[in-house]
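J.: Dumping the structure here so I can ask a few things about it.
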Amino acid sequence: MKDRIVRATAANGGIRLVAVLTTESSLEAKKRHGLSYLATCILGRAFSASLLLASSMKIMHGRVTLRVRSDGPLKGLLVDAGRDGKVRGYVGNPDLELDLVKIASNKYSFDFKNALGTGYLNVIRDSGIGEPFTSTVELVNGNIAEDLASYLYHSEQTPSAVFIGEKIENKGVICSGGLLAQVLPKKDTDPLLVSLLEERCKEINSFSEDLFQSKDNLLSLIRNIFPDIDDKSISEKARSQEVSFKCKCSKKRSLNAMKMLDKSELEDILKKDGEAELVCEFCKNKYLINYEEIKSIIEN
């Protein structure tokens, strides 16, 4: 099934719910960047986190940029996601693999904490109107979900719960996604709603397992956690909004990037190579700028 996002409310409109599936987007990123399993999981989690944040934006062309700057061997990451469901991103060290860490009897997990190390999560919300809103928080433990929850608590001061996970088998990632539950701003002083949110979240023992068992049915996933979901809040449009790995790069953007170079630099490229190849960091697409195109930039 294609990746998608579903929005709903519970408790008579007091709690906002968003669930996202990012399996195919994560696999596409793995293929394009040659990611290890560990890097695939971390980038997939960042995809889910950024899409969950972007889902609350009022304007369809609104975007969220999520950047991690840290001292871990992953060497950080950058993700760009839109309210339209388009997401792209990359990590600093795509080949990184670390030993699994034991989290319980016969249960192991990827070492997200050591992969990212200590550092900061930077979130930029850009609605396309006025200046983008930027906020930075320290990384909590590198599993992305708790890092995002920390951002929501400190920057938006909204009672929130964030769950992000994935299921891995020998053949690779078989599911990846996330869930965001928030008490809506006008209701955030209601102790009963905050208590309800806490109670529902305590019932989640393993979000990754719940995601897998839902078999890509996000409505089923939400209902299992919030049985008091408001069915009227789920529109057909919300049910069917697709999510996909999609980059904004193009030959035109590459030519514009070349125009930023000094005339002497362009002349040096013509003299040494006769052409230039630009590679997009987000998707690894390659764009060849030939001799005539570079010459035209110099002359104009």
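Cβ from N, Cα, C; glycine included.
These numbers come from a predicted model, not from an experiment.
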J.: CYS280 forms a disulfide with which residue in Swiss-Prot, given the options CYS201, CYS283?
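T.: It is CYS283, per the disulfide annotation in Swiss-Prot.
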J.: Far apart in sequence but close in space: which same-chain residues, 6 or more away, have a Cβ under 8 Å from CYS280 (disulfide bond)?
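T.: The answer is CYS247, CYS249, LYS286, TYR287.
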